[in-house]
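Let me begin by presenting the structure, written as structure tokens, before commenting on it.
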Amino acid sequence: MTGGRFDFDDGGTYCGGWEEGKAHGHGICTGPKGQGEYSGSWSHGFEVVGGYTWPSGNTYQGYWAQGKRHGLGVETKGKWMYRGEWSHGFKGRYGVRQSLCTPARYEGTWSNGLQDGYGVETYGDGGTYQGQWAGGMRHGYGVRQSVPYGMATVIRSPLRTSLASLRSEQSNGSVLHDAAAAADTPTGTRGGFVLNFHADAELAGKKKGGLFRRGSLLGSMKLRKSESKSSISSKRSSVRSDAAMSRISSSDANSTISFGDVDCDFCPVEDHVDATTTETYMGEWKNDKRNGFGISERSNGMKYEGEWANNKRHGYGCTVFPDGSKEEGKYKNNILVRGIRKQLIPIRNTKTREKVDRAIEGAQRAAAMARTKVEIANSRTAHARAKADAADQAALAARQECDIARAVARELSPDFYQPGPDYIKQRLQEGVDAKENPEEKVPAKPPTPKESPHFYRKGTTPPGSPEASPKYSRSPQPSPPKPAKKQNPSSGARLNQDKRGVAEEQVTAIVNKPLTSKAPTKEVGAAVSQSKYSGRHHVPNPSNGELHSQYHGYYVKLHAPQHPPVDAEDDDRSSPSSSALVHKPSPNKWSPPKSVTKPVAKESKAEPKAKKSELAIPKNPASNDSCPSMEREANSGPNSVMIVLVMLLNIGLAILFVHFLT
């Protein structure tokens, strides 16, 4: 057997022994472009026992077959470690995956790299699931046991987090960013608690205080009557069905399909549960959620037996409350839609009674089946732990073969660079830095783009914004403008178009500075003077005009031209400016029916300002006949708004009237 160093065309290198042109014995091989490293024993071109190190620092140490991980081995990826069997590159059949930072772990059977068969999953807060699995999800029969409510992990995301489950990382070991970013959302639930009923009397009043609440305006009169006459305990029972919401368990926080499990209307409100209370669910699971028949029971006496759908009470069932009262019937998304409630006259419906009884029997059978599956899962877990211990021995043997291969490589080629140890050192250094400076590892929220409109005031131009194209912008003439009493029709039309494009915030600016705060013209008036002004360049001349720093480059006259008052009135009637549209319609067109004198006072104050703003802008009587459509829009706009407001007011008064009568 000979040996040496061989460089591949793709940038990889093999340094070690070979036989008949194939790697044989001990050696080190790097991947394309020198990325990744395998060191260990070889047999006719294939890895046998050794370790592979990725550039990210993730490692595998164990047995190989036909170039794939096969047999027993240990994989370290990110904050997780898998110890157990491997089959053609995938995890399986028995193995244990555990977190390096929390108690989270899975022990059981695997298939194609996912949990499949029977197993036990322990979550970051100590809660457990024991039962059947399929395709990496809880599927079949199983038991979900929570820890005391005070110790349960607060899950703040509909996505799974690495604290709560095992399926929280990508293939390269990096944690999903969505799970970290969603920690800022207000949705907070306790792991393993789905029977979250808001039993507080004040919350009951708050829940039922809305105008359009269920049962107030168009609902049943009996519900309102029972609420007014019953005690606090009956209020609690009456609101349990309406306000109860589904809470995802801690295991549900990382499933790729566990979206929409939380009703955001009640997320910020926490139930008043004793810190020592625990909850257990025994029954059917489908696609990682409670689906089918099952029983959910709390240690304080609360219990539900019946049908489930997507972690919610859905179908027929019976709920027993801690005080001994109960409600039974048909549920739909945690709401009792048909059945028997406390303090209400029982519905004499034998079919409903029979369906409830059948649902309870089905739930009890499912719970019994789940308990038998738990026993099988525990036996599979014991076997998986034994395989994990054997995998540790295989990893130890792989490390020994790795050391031999490194010694052989150094002997054959002293200058050969072995990247594996550097990958591991870099990963360890990153871990130390993360512990010393945890605040640096917190991903900062991406800044809002600079072009976001809320970074600037209204009426101002963001810095760095491109200049308007000549097609839609007008620059003043190169020659210095002189004060003139007469204007040609084209300039008058351009100024009138300027008035129409004034923004809403210009009204205040014109009143205060009528000569220097003119807003930029809009594209509506650009077409009027396009042929005359589009090809000219802007020549600043501070002697005759003042350039407004907040708008585009155009001049505003320092001396307002004098016009007869008749022209201003005619122009006001023909082409109203935006300031006139802002101040006049509300007092003139519509006023509240109860107060008549106040709008008159506002009208008398608003007209001088509007006229003053109009007089501050040059006008041209020649353009009065050019905008009848603007006049119609100004007259029709406030009318439609007034009609809508009056209709809404009438509807609101009618609803209040009916509400008080009922």
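Yeah, the Cβs are placed from backbone N, Cα and C, and that goes for glycine too.
Within the set 28-47, 228-247, 288-307, the record from Swiss-Prot flags 228-247 under the feature region 'Disordered'.
Nonlocal intrachain contacts for the repeat 'MORN 5' (129-151), taken as residues 6+ away from its ends with a CB within less than 8 angstroms of a stretch CB, comprise 108-109, 114-121, 123, 167, 190-193, 249, 251, 255, 257, 273-289, 366, 369-374, 377-378.
Residue counts for the repeat 'MORN 1' (14-36) under DSSP (helix as H, G, I; strand as E, B; rest coil) come to 3 helix, 15 strand, 5 coil.
Mean pLDDT across the repeat 'MORN 6' (281-303) comes to 95 in this model.
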